[in-house]
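Feature table excerpt (TrEMBL):
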- Asp273: active site, nucleophile (ACT_SITE)
- Glu310: active site, proton donor (ACT_SITE)
- 127-483: domain 'Glycosyl hydrolase family 13 catalytic' (DOMAIN)
- Asp416: site 'Transition state stabilizer' (SITE)
Amino acid sequence: MNTADTDPRLLPGPELTVWAPHAHGVEVEWSLDDDAAQRSAMEAKGDGWWRWQAPSLPESGPAAYPCLDYGFRLDDGPVTPDPRSAWQPHGVHGESRFFDATAHTWRDATWAGPQQGEGVLGGVVYELHVGTFTPEGTLDAAQRRLQHLVDLGVDVVELMPVAAWPGRWNWGYDGVGPWAVDDEYDGPAALQRFVDACHRLGLGVCLDMVYNHLGPVGNYLSRFGPYFSDDHQTPWGPGLNLDGQGSLHVRRWIIDNALRWFGDFHVDALRLDAVQELQDDSAQHVLAQLADEVAVLSARLGRPLDLIAESDLNDPRTITSTAEGGLGMDAQWDDDVHHALHVALTGETQGYYADFAGHCPAMPDAGPLAVLAKTMTRAFLHDGSWSSFRGANWGVPVDPARVDGRRFLGYLQTHDQVGNRAVGDRISAVVTPGRQAIGAALYLTGPFTPMVFMGEEWAATTPFQFFTDFDDPAMKQAVTEGRRREFEAHGWAAEDVPDPQDEQTFRRSQLDWAELHEDDNARMLAWYRDLISLRRKEYDLNNGRLDTVGVDFDEGDGWFVVRRGTFRIVLNLAASRWTVPLDDAPERVVLAWEPEQTRLRGAGVHLPPFTAAVVRMGQSTPRL
């Protein structure tokens, strides 16, 4: 018995556990408040688990246990961080620090979930990278910019990965401590403060989690047990062991982690990176198991908890319920929507954009506007057709009568689609403001769940480039040379590709908030705000019924119209003025990028070049 249970003058010490099935003995090396390190043997608890109870201490002052730093030593090997460490203040190679997740006093007791308890679907998601969102690059600094997101009309803030990574800055996908919040962001307590602040402002929080691999530096999992598979390979190396010997505990390592973010940190959704690389031949896929357990937790907490997959498989099984044999994800990113928008606006056709220009096996007799029309009504271009980029038939059709379009996230930009360009240039650096306004009008009034990438809303001029901060010389060289080789193959000069290891690559990527006061940036911001406000107010513009979306276009003349209930989103993608024909005479112009030059003319709308308008045809249905 812990004596603290009977003596109120003692502070109980935390219990530490670790799964190390092949170890003959495990010690914990620990220290309190930077005192000299001590070693204590851990107790074997069976099934590969080991346990140690930190000592109870006399209470003095506030009832908080001293700072406990620790690491595990297996069979007299080196001290290694905890695979479930919540905090790595000494870096990914250093000791872990115990974090008491119950210490935070939450002030979100009335929080029912995003959109007054409706969840993420149909709301406006805002993706941000904490390190470049503000000059300070911390969660507390990001918290001070939340009112901007409220004023924009955002419903959910999606944080790029916060897991512990090597170095001072990183996108987060090289993380090796998925249970931790990196100390550059001020650690786990800062995430609790951030979520609490978001909820008090009516904002949900989605956390981007990487379960398909760990980064190359600071990954010590294999020292503890069979975390990785001999049978499955990913682009980053061996896949996680989800179906072999010992996989029960690896699966729990993932699922317990996900449940912890929902419980201890009050997050509302998780975005799961590249789920196609979670290769699992078990009878129940790990994602389906996760979905079922999250549903149970959601019912217990009394608020919606959403799982959003990133998958390049174009397979609606990802968002099909587990009861119907699917993976049970609530939504998924839809790159086909982005690609179709991007090609229609920019004319770029390199790499994976090629098929989205049309005249491809998927749509041999069609151009880019026909491709755009298909993605706006069927979610995917590749739904069983040949993909020239992949060299294979790709995807599965979406049934527009059964699948809610809001289960797909549609977007004009993401961290990937900007940062994986050679120089990290945004859409605002590639096209005119009018063309960006067209793209925004399409996806912010479309049948999908829209996602804005940070700074997009004011046409930020700062790039978002790929940056890392590895200290290992060989890794630094490999990353720099690999990045340059990749883009040399696409015609870029090596010296023009930013060095990921150069601090200035990171600094250039930080948003310049002073731009909000520039006329052109303020105009774009007002356009995004107005579109989001209209979407929030009008049911027709938030309706996810794909089978009710109509599209008319003329490839030669360059106009495009989306029919959304009583609204028409009217676009002129041509270099000349056009009177775009509609199915009936519109009642009035609701929004226009060039309002003084936009005119109703009978059953049509007269638009200047490269511009957009939203018109009402008659009485609309307000969103309740």
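Glycine too: its Cβ is placed from the backbone N, Cα and C atoms.
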When DSSP states are folded down to helix, strand and coil, where does Asp416 (site 'Transition state stabilizer') land?
helix
How many Å separate the Cα atoms of Glu310 (active site, proton donor) and Asp273 (active site, nucleophile)?
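Between the alpha carbons of Glu310 (active site, proton donor) and Asp273 (active site, nucleophile) there are 5 Å.
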Take the C-alpha atoms of Asp273 (active site, nucleophile) and Asp416 (site 'Transition state stabilizer') and report the distance between them in angstrom, rounded.
11
According to DSSP, which of helix, strand or coil covers Glu310 (active site, proton donor)?
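Once the DSSP labels are grouped into three classes, Glu310 (active site, proton donor) ends up as coil.
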Where among the recorded positions Asp273, Glu310, Asp416 do you find the Cβ with the fewest other Cβ atoms within 10 Å?
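Comparing Cβ neighbour counts within 10 Å for the recorded positions Asp273, Glu310, Asp416 gives Asp416.
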In the three-state scheme derived from DSSP, which category covers the residue listed as 'active site, nucleophile'?
coil
Would you report the average pLDDT that the model assigns to the domain 'Glycosyl hydrolase family 13 catalytic' (127-483)?
98
